[in-house]
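Taken from Swiss-Prot, the feature NAD(+) binding site covers 17, 38, 43, 69, 83, 84, 105, 122, 123, 124, 147, and the record attributes it to sequence analysis. Residues or ranges marked as substrate binding site by Swiss-Prot on the basis of sequence analysis: 86, 92, 124, 125, 126, 127, 152, 153, 154, 155, 227. Taken from Swiss-Prot, the feature beta-D-fructose 1,6-bisphosphate binding site covers 157, 172, and the record attributes it to sequence analysis. As annotated by Swiss-Prot, active site, proton acceptor applies to 179. Swiss-Prot lists 218 with the feature phosphotyrosine.
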């Protein structure tokens, strides 16, 4: 069966991340139909009302409604932001056992509707839950996408832009690996205007930037309870790449099948994104140190996968 076309989106989970994502979609005019699904019906219906009052000032018309899993039947994209929340001091990987069980139920209900589109997963630990979504759905790997390191990469580019006194949009570089503590910056390919950035920074400064990227979520959670604006905007960017068939490179969570020497793991890597999902993984030329760190990140995730699916 051909993949579902159109631009209807079903959002499962209207907490801080989900509602921020819905707001970003509306403000950017990415879709003309959005269905909100949440166990807390009153909260979701409140979001629907609030968002509909904003459409008057949005760039394009958009139909926003409360719905159910049945609405996934003809959806082009289902975005999952539902799950147990991350608590202060708790790592993303601490969440895994709680959220895999939740996802088995969510994905099962979505597939029962006849859904034949693309999944975009944002709930943490996102690499494990994207893998779980792929397992539970039975869909081809290219049609199950995790948010991967799209947010970590944004943080990296922002900090590099601050350091280089340049717009972050002019900085090119990636964080790859787990969306979590074992992630790594790819200094060997970070550039501005085609010029390598790494030689212009001390080892201490590079370490400081890497740590600030890695620890950003913990600092934000400690300060305000959760992170949501950054990831919501990143999800909107991935959504636009899918629905507009952009063939753009974004650092997302996708299944490796031999790329960079690894397989059977969902992990954050640059990939070409279009209307079919992940068209192709872009293999970065890593130096020996980066290869070693990436392998450790892969093993971190595989150890968790083994504990769940052994």
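For all residues, glycine too, the Cβ spot is worked out from N, Cα and C.
On a predicted model such as this, the values are computed, not experimentally measured, just so you know.
Minimal Cβ crowding within 10 Å, among the binding-site residues 86, 105, 123, 147, 227, is found at 105. Across the structure, residue 105 (NAD(+) binding site) and residue 124 (substrate binding site) place their CA atoms 16 angstrom apart. Neighbour counts of Cβ atoms within 10 Å were compared for the binding-site residues 17, 126, 154, and the top value is held by 126.
In this structure, the C-alpha atom of residue 83 (NAD(+) binding site) lies 8 angstrom from that of residue 124 (substrate binding site).
Separating the Cα atoms of residue 227 (substrate binding site) and residue 43 (NAD(+) binding site) is a whole-number distance of 19 Å.
Just so you know, of the recorded positions 124, 152, 157, 179, 218, the Cβ with the fewest other Cβ atoms around it within 10 Å is the one at 218. The secondary structure of residue 172 (beta-D-fructose 1,6-bisphosphate binding site), as reduced to three states from DSSP, is extended strand. Long-range Cβ contacts of residue 43 (NAD(+) binding site) within its own chain (separation 6+, distance under 8 Å): 14. Relative to residue 126 (substrate binding site), the recorded positions with Cα atoms inside 10 Å are 147, 179, the candidates having been 17, 147, 157, 172, 179, 218.
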